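Written out below as structure tokens is the structure these notes cover.
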Amino acid sequence: MSLKLKTIKSTKWSALSSLTIIVLGFLQMVILSRILEPFEFGVLSIMTVVFLFTDMLADCGLSNAIIQKKNITLDELSALYWVNIFLGVFLFVVTIILSYEISSWMRLDRLSFLIQLTALVFIIMPHGQQYRALMQKELEFDILSKIESFSYLTGFCLTVIIGIITKNASCAVFGYLLTVSMRTVILSFVGRKYYHPTWKRSKLREIKKQLLFSFYLTLDSILNYINSSITTPIVARVLGAIYVGGYNLSFNVAVNPPSKISPIITRVLFPALSKIQDDKERLRINFFKLLHVISYINFPALLGLCIIAKDFVYLVFGEKWLFIVPTLQLLCIAGAMRMVANPIGSLLMAKAKMELSVRFNFVKIIIFIPVLYFSTIWNGMVGAAIGFLICQAINALLSYFFLLKPVLGNCIVDYINSFFIPFVHTLPMILLLLVCDIYIDKISLTFFILKIVIGGGVYILTIFISPNKLLAEMKGLFRQLLLKS
């Protein structure tokens, strides 16, 4: 099977896993938003940001270092495994110590215990991360997708059950711990077919390149995490837990799901791009195809949601959350802009150029934090959303000059087309939904479904009749894949 078909087949399995996680995550958010009080939901929202941080730091970029290197020895794998274990213990201790300072800064004393409980992930997760990386490297996403979907399902069930019984934010922590534990146990069992780590005294210089790559990747992830999640602690400190719940509810609808849809493609594309990292022209063509595909998926979903946001919030979360509608609409636009620049990380990892992203993220922190802080003080939760939108516009613009141009050369036309052309394809749907929203002002489930069907139908028709070459190629590839399946 060619790399192209293998990549698309892997994308199918990765999509199934990611969509399962997105659907379960959305259901969990809807259920908990209805059974928890706004204050408890606010505490839970803060912990969700903590979960993202622990997921990001759990292997300190070592997994992607394994994927990035074309040929890696068993001794190098074993050395990286034990480095991961020791780093996990170190991060566990540091998190326990810092938990009190974090809870004090956010003015929520109860956070310290929940953060300490979450820190157990640093002890658990490293035991399975390497096997996960090896499966990704070989594009074996069928097995990996089943493991991740099952693990997330068990965590979802526990979270909802404890939430219904206790009506306490701690339910999410216990569910998260079960998800991580279940995934690690299964990965450790299944992954033994690749190799069994051995204890062998290795010289760090033997894995120096991987450690350096991991360092840049981790530093970049931390800086990127600060840029994308700093709004939550700012809102918590300035406005309080209830507004954190409202902001993060909007954020989890408009920004998080699309950010999980993009990795459906980028997660598979990183190993694929790594295999062609030395062919610059082929790399450029495939990367911009990726940007187009992501825009074709995200633009209609987010811009459509922006128009029917009031109906969505009332029907899904209930009347008590209607105050988040303006915030949700702004974050939908911000989410669409964010997705345009999001896949660049895969390109930089494939080329082992993470130092470019690190420098860029330093620049973004200097710009973003003041913008977000003062916009929140200026206009509360809506101001925070406006600040985030401004930051994403800056990010989309500067990404070309700081990241794309140094790696791919002068490609400004390709970059603009990667979001302008998909936006043009979305316009008929947007215009029709605006007309529907004007003439159908009554909120009901029937009218809500009708708007979705009309908007979705118009967009699918637009894609179907479009003469765009990339769309024709993608339709042909997926048709070929379905026939082979």
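Glycine is no exception: its Cβ is also placed from the backbone N, Cα and C atoms.
Here Swiss-Prot flags 13-33 (among others) as transmembrane segment.
If you look up Swiss-Prot, you'll see 38-58 (among others) marked as transmembrane segment, on the strength of sequence analysis. Sequence-remote contacts of a segment are chain residues at least 6 beyond its ends whose Cβ falls under 8 Å from one of its Cβ atoms, and for the transmembrane segment (38-58) they are 32, 88, 91, 95, 106, 108, 110-111, 114-115, 118-119, 121-122, 125-126, 129, 167-169, 171-173, 176, 218, 221-222, 225, 229, 232-233, 236, 240-249, 252, 320.
The annotation transmembrane segment is assigned in Swiss-Prot to 79-99 (among others).
Panel annotation: around the transmembrane segment (111-131), residues 43, 46-47, 50-51, 54-55, 57-59, 62-63, 66, 77, 80-81, 84-85, 87-89, 91-92, 95-96, 99-100, 102-103, 169-170, 173, 176-177, 180-181, 183-188, 190-192, 194, 197 of the same chain, lying at least six beyond its termini, place a Cβ under 8 Å from a Cβ of the stretch. Residues or ranges marked as transmembrane segment in Swiss-Prot: 111-131 (among others).
Residues or ranges marked as transmembrane segment in Swiss-Prot (evidence: sequence analysis): 160-180 (among others).
Look at Swiss-Prot and you will find 211-231 (among others) tagged as transmembrane segment, backed by sequence analysis.
Away from its own ends, the transmembrane segment (234-254) comes close to residues 25-26, 29, 33, 38-39, 41-46, 48-49, 105-108, 302, 305, 312, 317, 321, 323-324, 327-328, 331-332, 334-335, 372-373, 376-377, 380-381, 384-385 of its chain (Cβ-Cβ under 8 Å, at least six residues beyond either end). Residues or ranges marked as transmembrane segment in Swiss-Prot (evidence: sequence analysis): 234-254 (among others).
Residues 30, 33-34, 249, 253-254, 258, 261-262, 324-325, 328-329, 332-333, 335-336, 339, 419, 422-423, 425-426, 429-430, 433-434, 437, 443, 445, 447-448, 451-452, 455-456, 459 of the same chain, all 6+ positions outside the transmembrane segment (297-317), place their C-beta atoms under 8 angstroms from a C-beta of that stretch. Per Swiss-Prot, transmembrane segment is recorded for 297-317 (among others), and the stated evidence type is sequence analysis.
Per Swiss-Prot, the feature transmembrane segment maps to 321-341 (among others).
Sequence-distant neighbours of the transmembrane segment (365-385) (same chain, 6+ residues past either end, Cβ-Cβ under 8 Å): 223, 226-227, 230-231, 234-235, 238-239, 243, 246-247, 250, 324, 326-327, 330-331, 334, 391, 394. Annotation comment: Swiss-Prot describes 365-385 (among others) as transmembrane segment.
The transmembrane segment annotation in Swiss-Prot covers 388-408 (among others).
Annotation source Swiss-Prot lists transmembrane segment at 445-465 (among others).
Within the same chain, residues 33, 228, 246-247, 249-251, 253-255, 258-259, 262, 291, 294-295, 298-299, 302-303, 305-306, 309-310, 312-314, 381-382, 384-386, 388-389, 391-393, 395-396, 399, 418-419 sit at least 6 positions outside the transmembrane segment (321-341) and bring their C-beta atoms closer than 8 Å to a C-beta of that stretch. Same-chain residues lying 6 or more positions outside the transmembrane segment (388-408) and placing a CB less than 8 Å from one of its CB atoms are 227, 231, 280, 283-284, 287, 330-331, 333-335, 337-338, 340-341, 344, 347-348, 351, 353, 356-357, 359-360, 363-364, 367-368, 371-372, 375, 415, 419.
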